[in-house]
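Asker: This is the structure, below, for whatever I ask next.
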């Protein structure tokens, strides 16, 4: 049975839950957010991804009400929330440090927001117990935050921020303090919880793998602007700029000049090299300075010259063995380094290619993305 | 061996500087006043051996303590001391908490300066500073002159030699002991806790009472004990700023020792004072312990 794809951003009839309208935020001379407009839809898991200082945290803090925009409007369900204080918003936040109240038990931490609403006691108790079940914390209800582990604390913070059933949940680097294994598990937990509660999540992270795993859409930010917003696969397979291609994952960048080919373009680069062909590229790029972005796992490596549209010759300089994968660092005759990633389907001892070997690299005519600009 | 030496040091210190003097004071409190030097009897004569020691013990009794219960001056002075200590602690907390809070909320670069300003008064003698208050509070003092000059009052206020002056002196003197522990508790407070409280629906005032205040409780208790305990036995401030109506046990103690030269009664007063102080001191220790455990 085919499932309908969740993509409200492609439907122009859909009303966004959140809308940034030409929002600018300045701190003194520093512009943290630069004339940014963006829609976020209900039930989305929206990731803000970027290096530190790119403005992602400021954007989240404006949603939480801890910062007010210098210019522009932020709409939540159609209403301007620019000057609504944090305690009056149907928005909750999970803090990077978790910000659990150390003097209150796990139970009281989760009940904190509900008590402020003045709900009847039995209703609060029922909701807290529901949250404890959701985050599998029933056993720890009476403990104080310093008496539980980091992973459990993370879940308490999540339960506390979900308890009030916010329209929008903000997560500030929610998994940053966890070790890798726990982080992976928790990512899936987060997705499950997001799906089962139907809450809209906005997550801030600098970890691209995390963003790609959990998010329905990823916004890559740089210098107070959103560079690209798209689903994780589009961000990865079809980055719209060299910045995004370079920021997300590992990539080989080859700079050259584009000329029109039978289909797509071909790129001339280096001296005494054959042009590289990219049949899936826009012919409007012809005549421009371009960068060919090529993911290492789309490059094949072989001892014999293969029959492929794009073939490069080089020497293995380095091999990074990652267990399941190996990344070969190959130096071309032009001096350019190209990385090729191969799955280790055979045991290392049976590996054909080793250091200092002359090898052939090849990739298909549709493997790369050609982007305007320089490196 | 080294561990033993390390542990021994504080115990030897405590023995030599607290327990032995206390034993001597306790012994004097059981003696009788005498016109002699030292002014009490009996004295322990080691040369008379075991029999001498027995005779010495036989002469000790609790009649000085009985005397303390017979004259209502003493228990009134104890009660009055406790009352003054209690109210000055409350006032010091009321003044000190906002100061500590303001310091902890001040920009980072200001904090060392503010801290310095709190500690600065310790650089001059406490006695001189209390004396300075005499000049400020007296009928012809700076305060009255200023208020008269401004036309706020027509007649000088009588402050000096009243309980009000004693309160002013105590609050002024003990303020740093209140501010510093509260400041150290507030300074550690993570700002994101307050943001989280607001995020969960608190107004700023609610956030203060539900988060900031409970988390500074350890500092508040420490500050209160640091003020309350020494103020009970305070002698200098009531005798310099207080009047004849100011009844404090420290003053009585001084008068028994130096005006009456009745060392045994004075010692009995001191021993009772110590017993009264043990309760808050033990509470203080428990509070400190609890805090240390919480921080771990």
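Keep in mind that glycine also has a Cβ here, set from the backbone N, Cα and C atoms.
What TrEMBL says about a protein is an automatic prediction, not a curated fact.
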Asker: Given B:65-83, B:84-102, B:141-159, which one carries TrEMBL's transmembrane segment label?
Answerer: B:84-102
Asker: Out of B:84-102, B:114-133, B:207-229, what stretch is closest in contact terms to the transmembrane segment (B:165-186), meaning most Cβ pairs under 8 angstroms?
Answerer: B:84-102
Asker: Near the transmembrane segment (B:207-229), which same-chain residues lie under 8 Å Cβ to Cβ, leaving out any that are not at least 6 residues past its ends?
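Answerer: Answer is 85-86, 88-89, 92-93, 96-97, 100-101, 174, 177-186, 189, 193-194, 197-198, 277, 280-281, 283-284, 287-288, 290-291, 294.
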